[in-house]
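Under the heading Ca(2+) 1 binding site, Swiss-Prot lists Asp73, Asn75, Asp77, Arg79, Glu84. Swiss-Prot lists Asp109, Asp111, Asp113, Tyr115, Glu120 with the feature Ca(2+) 2 binding site, giving sequence analysis as the kind of evidence. Per Swiss-Prot, the feature Ca(2+) 3 binding site maps to Asp157, Asn159, Asp161, Lys163, Glu168. The domain 'EF-hand 1' annotation in Swiss-Prot covers 24-59. Look at Swiss-Prot and you will find 60-95 tagged as domain 'EF-hand 2', backed by sequence analysis. Here Swiss-Prot flags 96-131 as domain 'EF-hand 3'. According to Swiss-Prot, the feature domain 'EF-hand 4' maps to 144-179. Under the heading N-myristoyl glycine, Swiss-Prot lists Gly2, citing similarity to another entry as support. The annotation region 'Interaction with IL1RAPL1' is assigned in Swiss-Prot to 174-190.
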Amino acid sequence: MGKSNSKLKPEVVEELTRKTYFTEKEVQQWYKGFIKDCPSGQLDAAGFQKIYKQFFPFGDPTKFATFVFNVFDENKDGRIGFSEFIQALSVTSRGTLDEKLRWAFKLYDLDNDGYITRNEMLDIVDAIYQMVGNTVELPEEENTPEKRVDRIFAMMDKNADGKLTLQEFQEGSKADPSIVQALSLYDGLV
């Protein structure tokens, strides 16, 4: 993808429509917007954080945006290209529940070892609490990241080994209506 091309090559559009839940027209529209916002064709972590700040002005989304950026950045080059962007957007906005849960698992599995540890989950949950700031009133049993993580692990860590497998995470998430609802938040919006 060249610098600030306003159109994608037909073969790239075709490939992205195969790999995503977007139509050819939608891929082209998203590309136009992406190039408008990122004329270089790449989005770095600072730019990604800036976007998150627009959506969460009352908290500090920096840490969470960095975690999400790292999942979007599939090839780990420190930048998100359009292909990485549109594929992640497709899963998070239009993917099946299982696809979204696999994506969320990658977000929480910070060291990519195939497990979510208590500390990894605490890092993400703490980042979420920082991001939403005081805009959300939480119940007493979840008013700190530690309490929330304790509750999640009590529910999901069936073999009590202190880490969650993808299967434990998927089953536990599906059993918690608030998690399913959160994962479905953007359905149909994009």
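Here, residue 1 is simply the first one shown, and the rest follow in order.
The backbone N, Cα and C atoms fix where each Cβ goes, and this holds for glycine too.
On the structure: features taken from Swiss-Prot.
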| residue | record | DSSP class |
| --- | --- | --- |
| Asp77 | Ca(2+) 1 binding site | coil |
| Glu84 | Ca(2+) 1 binding site | helix |
| Asp109 | Ca(2+) 2 binding site | coil |
| Glu120 | Ca(2+) 2 binding site | helix |
| Asp157 | Ca(2+) 3 binding site | coil |
| Glu168 | Ca(2+) 3 binding site | helix |
Spatial neighbours of the domain 'EF-hand 2' (60-95) far in sequence, C-beta under 8 Å, 6+ residues away: 1, 8, 12, 16, 19-22, 27, 30-31, 34-35, 41-45, 48-49, 51-53, 103, 106-107, 110, 123-124, 126-128, 130-131, 133, 186-187, 189-190
Same-chain residues at least 6 apart in sequence whose Cβ lies under 8 Å from Glu120 (Ca(2+) 2 binding site): Tyr108, Asp109, Leu110, Asp111
Residues of the domain 'EF-hand 4' (144-179) by DSSP state, where helix covers H, G and I: 24 helix, 2 strand, 10 coil
Residue pair Tyr115 (Ca(2+) 2 binding site), Lys163 (Ca(2+) 3 binding site) - Cα distance, angstrom, rounded: 6
Asp77 (Ca(2+) 1 binding site) and Asp113 (Ca(2+) 2 binding site), Cα-Cα, nearest whole angstrom: 20
Remote residues contacting the domain 'EF-hand 4' (144-179) - C-beta distance under 8 A, at least 6 residues beyond either end: 97-98, 101-102, 104-105, 108, 114-118, 121-122, 125-126, 128-129, 138
Candidate binding-site residues Asn159, Asp161, Glu168, pick with smallest Cα gap to Asp73 (Ca(2+) 1 binding site): Glu168
Tyr115 (Ca(2+) 2 binding site): secondary structure state under DSSP, collapsed to three categories: coil
Cα-Cα distance linking Glu84 (Ca(2+) 1 binding site) and Asp157 (Ca(2+) 3 binding site), given in Å to the nearest integer: 31
Cβ-based neighbourhood (8 Å from the centroid) of the Ca(2+) 2 site, residues Asp109, Asp111, Asp113, Tyr115, Glu120 excluded: Tyr108, Leu110, Asn112, Gly114, Ile116, Thr117, Lys163
Mean predicted confidence [pLDDT] for the domain 'EF-hand 3' (96-131): 95
Sparsest Cβ surroundings (other CB atoms within 10 Å) among the binding-site residues Asp77, Asp157: Asp77
